[in-house]
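Written out below as structure tokens is the structure these notes cover.
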Amino acid sequence: MLPGRRLCRCQRRLIPMDFAWVRASFRSNTPCFIHLNRSSQMQQQHNPAVDRSKTPCGERIAFIQAGWHRDIVDQCRIAFIAEIAKAGYSEQDIDFFEVAGAFEIPLHAKLLANSSRYAAVVATGLVVDGGIYRHEFVAQAVISGLMQVQLETGVPVLSAVLTPHHFHAGEEHHKYFFEHFLVKGAEAARACADTIQKLRLLKSGQPAVRALHSA
């Protein structure tokens with residue numbers, strides 16, 4: 001069992017729990033994975049831009065989030081949910097996991113990829129220079145680990161684990177990265193949906209990438 005945290009839909013706070021393939025259930029027998037922004041759920045349900053006839057069938061996504069700098073990193077998750085809805089995925093199609101820090105992400109990504117439950121794994125975190133240790137070593141280990149996971153498992157792993165050159169807790173940097181993670185969350189969602197679709201086509205024997213011809 002891997003210790004970790006899930007963002008639980010039944011309560012509006014983080015709760016510690018073991019999440020190695022264990023679902024919490026209530027009277028309705030509905031699995032409880034995560035609390036998400038209620039307004040985004042309503043927007044997805046009533047979003048006319050989503051063509052429900054093209055909604056992916058049975059494809060789930062795992063989203064791993066590092067716990068450090070949560071107020072900033074949360075923005076990536078929020079933007080990811082909103083953007084992936086345009087590709088037909090609802091929040092019920094995504095399982096969310098929080099780990100202690102970025103260094104713990106690759107192992108969790110590998111276990112999730114090997115579970116055969118997910119069409120893709122998405123990871124996000126913010127690795128910063130704390131003034132004592134060389135943070136780029138951590139960032140390189142995380143990115144290399146995530147790349148190795150997708151090459152070994154065949155499950156796409158998309159990274160929004162970011163490492164700024166300089167970061168301080170001042171208002172200016174906080175505001176910049178707060179907004180920057182919104183951008184990166186949307187980018188990750190588009191890349192995720194596109195990759196899943198193209199891999200689905202490849203597995204079915206259809207051409208996933210059209211040849212480019214010069215004009």
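For all residues, glycine too, the Cβ spot is worked out from N, Cα and C.
The active site, proton donor annotation in TrEMBL covers Arg134.
Secondary structure at Trp68 (5-amino-6-(D-ribitylamino)uracil binding site), taken from DSSP and collapsed to helix, strand or coil, is coil. Of all Cβ atoms in the protein chains displayed, 16 besides its own lie within 10 Å of the Cβ of Trp68 (5-amino-6-(D-ribitylamino)uracil binding site). For Trp68, Ala102, Phe103, Glu104, Leu126, Val127, Val128, Ser159, the entry in TrEMBL reads 5-amino-6-(D-ribitylamino)uracil binding site.
Annotated (2S)-2-hydroxy-3-oxobutyl phosphate binding site per TrEMBL: His173, in sequence order.
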Listed in sequence order, residues with CB under 8 A of Ala102 (5-amino-6-(D-ribitylamino)uracil binding site) and six or more positions away: Ala66, Trp68, Gly125, Leu126, Val127, Val138, Ala139, Val142, Val161
Mapped DSSP class for Leu126 (5-amino-6-(D-ribitylamino)uracil binding site), helix or strand or coil: strand
Set of same-chain residues at least 6 away whose C-beta sits under 8 angstroms from Glu104 (5-amino-6-(D-ribitylamino)uracil binding site): Ala66
Secondary-structure category, per DSSP, in which Ser159 (5-amino-6-(D-ribitylamino)uracil binding site) falls: strand
Number of other Cβ atoms within 10 Å of the Cβ of Ser159 (5-amino-6-(D-ribitylamino)uracil binding site) across all protein chains: 23
Residues Trp68, Ala102, Phe103, Glu104, Leu126, Val127, Val128, Ser159 binding 5-amino-6-(D-ribitylamino)uracil per the record - widest CA separation, whole Å: 16
